[in-house]
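**Student:** The structure follows.
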C-alpha cells in the first residue's frame, strides 16, 4: 500500500506542476476565455473542493483524532484554518489594496477606483458631490468583499480586476463613460498600481497553493486520489487568473511573466514535498491534525469559488456543476 502511495504522489506532483504552467501561460496567447465556461468550471471546482475537504479530509482526520481526544479537534482545526484565511483574504489583502490606492491617489481618480466603477455596468455620469461620495463608499465596500473571477481577471481574494487595466473601455463598450489614461502621469500610476495588485494576487494564490500541496503530501492511500482531483480542478484556473494579471501588468516582459508563473506552479509541488516528508517522520496524530487544517483551506476555496462563479447568468447550470463536483467526490469516498 505504501508503494502505491509513493507512485501516486510521484506521478501527481509533476502533473500538478504542468497544470499550473499551462494555465498560467495560456493568457500570453489568448486574451480572453468564455466567461460562462470558466464560471461553470469554477462552480464544478467548488463542489470538488467541498467534497474533498469535508467528505474525505475532515472525515478521515476526525476518524483518527477521535481515538485520541474527546474534544472535536479535527473540526476545530478545520475552522481555525477557514477563519484565518477569511481574515487574510477578506480583511488583510483588501487593506493592502486600499493602501496602494491611497499611496498613488492624486487629483485624478486612481486607476483602481476607475476599474471598480467600470464593473458596475452603470451609465453614471453625474458630478454631484454626494453621489461621488456614495460611489467611493461602495468601491471601498467592494474592496472588502471581493472575490476572484478567473474568467475576467477579477481577484477572488481582493475584489480587484486586472484584465482591463490598459484597455478596459474596449471590453466594456456598453458603458456610457470611459477614462483617459493617455497621459504619462496616468500611465505611470496605472503601471505601478497594476504591478502592486498583481504581486498581492501572486502571494495570495501561492499561499493557497502551498497549503493545497501540503494536503496532497500528507495524504494517505484513502485520500490521495480525491485530493489530487481537487487540486487539478483548481490549479489551472488559478494559474490562468494569475497569468491574466501578469500579462496586463507586464505585457512587455515575457521572461518575467514566465518566471512568475514558474514560481507559482512550483508552490504546490513544494508543499507536496513538505507534506510528504512530514508524513514520513511524524506520528499519526500530527499528520491528521495537518490534514484537518488543510480541510479548512479546501472549504474556504470552495466558498470563494461559489461566491465568484455564481455572479451572472446560467445559475441553474452552475448549481448543477457544483452538485456534480460534490457528487464525484462523494462517489470516490465509496471506494476510499
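Just so you know, glycine gets a Cβ as well, placed from its N, Cα and C.
Straight out of TrEMBL:
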| type | residues | note |
| --- | --- | --- |
| TRANSMEM | 6-28 | transmembrane segment |
| TRANSMEM | 40-59 | transmembrane segment |
| TRANSMEM | 71-98 | transmembrane segment |
| REGION | 121-187 | region 'Disordered' |
| COMPBIAS | 128-138 | compositional bias 'Acidic residues' |
| COMPBIAS | 168-179 | compositional bias 'Basic residues' |
| TRANSMEM | 196-218 | transmembrane segment |
| TRANSMEM | 224-244 | transmembrane segment |
| TRANSMEM | 256-279 | transmembrane segment |
| TRANSMEM | 285-303 | transmembrane segment |
| TRANSMEM | 315-335 | transmembrane segment |
**Student:** Do we see three or more Cβ pairs under 8 Å linking the transmembrane segment (6-28) and the transmembrane segment (285-303), pairs being at least 6 apart in sequence?
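**Tutor:** Result for the transmembrane segment (6-28) with the transmembrane segment (285-303) is no.
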**Student:** Can the transmembrane segment (315-335) be said to touch the transmembrane segment (224-244) if we require at least 3 CB pairs below 8 Å and skip pairs under 6 apart in sequence?
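**Tutor:** Answer yes, regions in contact.
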**Student:** So, do the transmembrane segment (224-244) and the transmembrane segment (71-98) meet, by the test of 3 or more Cβ pairs under 8 Å (sequence gap 6 or more)?
**Tutor:** no
**Student:** The transmembrane segment (40-59): which same-chain residues, six or more beyond its ends, come within Cβ distance under 8 Å?
**Tutor:** 74-75, 78, 149-151, 215, 222-223, 226-227, 229-230, 233-234, 237, 291-292, 294-299, 301-303, 305-306, 308-310, 314, 317-319, 321-330, 332-333, 336
